[in-house]
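Notes to accompany the following structure.
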Amino acid sequence: MTAQLIDGNALAKQLRTEAAQRAAALTARGHQPGLAVILVGDDPASQVYVRNKIKACEDNGFLSIFDRYPADLTEADLLGRIDALNRDPRIHGILVQLPLPKHIDSHKVLEAIAPEKDVDGFHVANAGALMTGAPLFRPCTPYGCMKMLESIDYPVRGARAVVVGASNIVGKPMAMLLLQAGATVTICNSKTRDLAAHTREADIVVAAVGRRNIITADMVKPGAVVIDVGMNRDDAGKLCGDVDFAGVRDVAGHITPVPGGVGPMTITMLLINTLEAAERAAEDAALAA
């Protein structure tokens, strides 16, 4: 068996085309979707991520504001800028690129973003809403993973899903979205005993640890869907995920590649979250008129 690839680039292109059409309709009504991205410091990976986000906005008819600050920016100044963006009617989404310098409290910064503009879905109000099944925003990476499952018409209801990784950014919200879709979900973490015993029983495996080859072929149930969220480098410096792609591909039914899998979907769902925020703002403006 050779797994079918879930092509994140192709799916992202389709969803971005739809988002661009919705953005154009909003812009025609005077409500162009707007995203503000804040980068503090000069982390090379962060610069690449931010550049890709800004380009995605520009390519799809979104207003984008890029605020770049030196690493010695004070926490107070950053909070002041976020407050200004919270009050800016042109901006519907605010994203602070992580990680932040050590002297800045990331939690305090993320909580300063107005929940209705928290397009990453990290604010405690949005995380809590996700728990209740009525999220204002779904975190971008898990949201993209769910769209990938949807794209192959996978019957999530009743499936056994294992999420490897328990971060607030991917693992926990991924588990919640799968649970809400009707899956029976297990979350594995660094303390999990016999990881393979869990993954071998799974119909869906989501790997989100940031450790190369943590999922190998002998750990995967034949025919399972394997979604690789990891972003690592192999010994030759080539981009790779958390999954031993060459081996697992011969066992799984569907698999996402790295690169070209979850990555493009994450930025796409950021656009969609921003678009949905703009649509809500337009509705509120119409009601207030």
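Every residue, even glycine, has its Cβ placed from backbone N, Cα and C.
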Quiz item: Which of S151, S190 shares the NADP(+) site with G165, A166, S167 per Swiss-Prot?
Solution: S190
Quiz prompt | Set of same-chain residues at least 6 away whose C-beta sits under 8 angstroms from A166 (NADP(+) binding site) | solution = K172, I187, C188, N189
Quiz item: Which one of these binding-site residues has the most other Cβ atoms within 10 Å of its own Cβ: S167, S190?
Solution: S167
Practice problem: Write out, in the order they occur in the sequence, the residues of the chain not among G165, A166, S167, S190 that have a C-beta within 8 Å of the mean position of the C-beta atoms of the recorded NADP(+) site. | Solution: V164, G171, I187, C188, N189, A208, V209
Self-check item: C-beta crowding around G165 (NADP(+) binding site), within 10 angstroms
Solution: 24
